[in-house]
């Protein structure tokens, strides 16, 4: 890959966007960004706190601004928040400014990967996690599919294997 295109990872929580993104950036010698981490850096608070204080709408506004700013960069790998695709503006930006890779996974894998993680505000509710994840999948999966240039299933694969698949698919296009 001569020219370094931006690579934007989308998908549900627990799909491996951050882990795979770091691996991919390392293998391609590109800068890695995580939109949730960038929000935490700017606010000085974790995502859960921002959600609690500002609500989901306030969080999504911050997320949209961060993603807009990061997509202006060149040659980066960006792991987006699972709900970032709810914003049409964000979907349009991601599509226009890089290659969008949808990391797909099952509800079972999401449950296994997120069960002990207390930094998932949408799972810190009374509703059973499976019901929350199923509702989010129904709402968001069509949005991931809408903007995906490449879709890769991450269920039982290591970050390195998935990163290699992404690189191979990008080189083929």
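Glycine residues also receive a Cβ, built from the backbone N, Cα and C atoms like all the rest.
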Record-annotated substrate site (Swiss-Prot): member among 14, 16, 82 besides 36, 60, 140: 82
Pairwise Cα distance maximum in Å, substrate-binding residues per record: 36, 60, 82, 140: 18
C-beta crowding around residue 19 (ATP binding site), within 10 angstroms: 18
Most Cβ neighbours inside 10 Å, all chains, among the binding-site residues 17, 140: 17
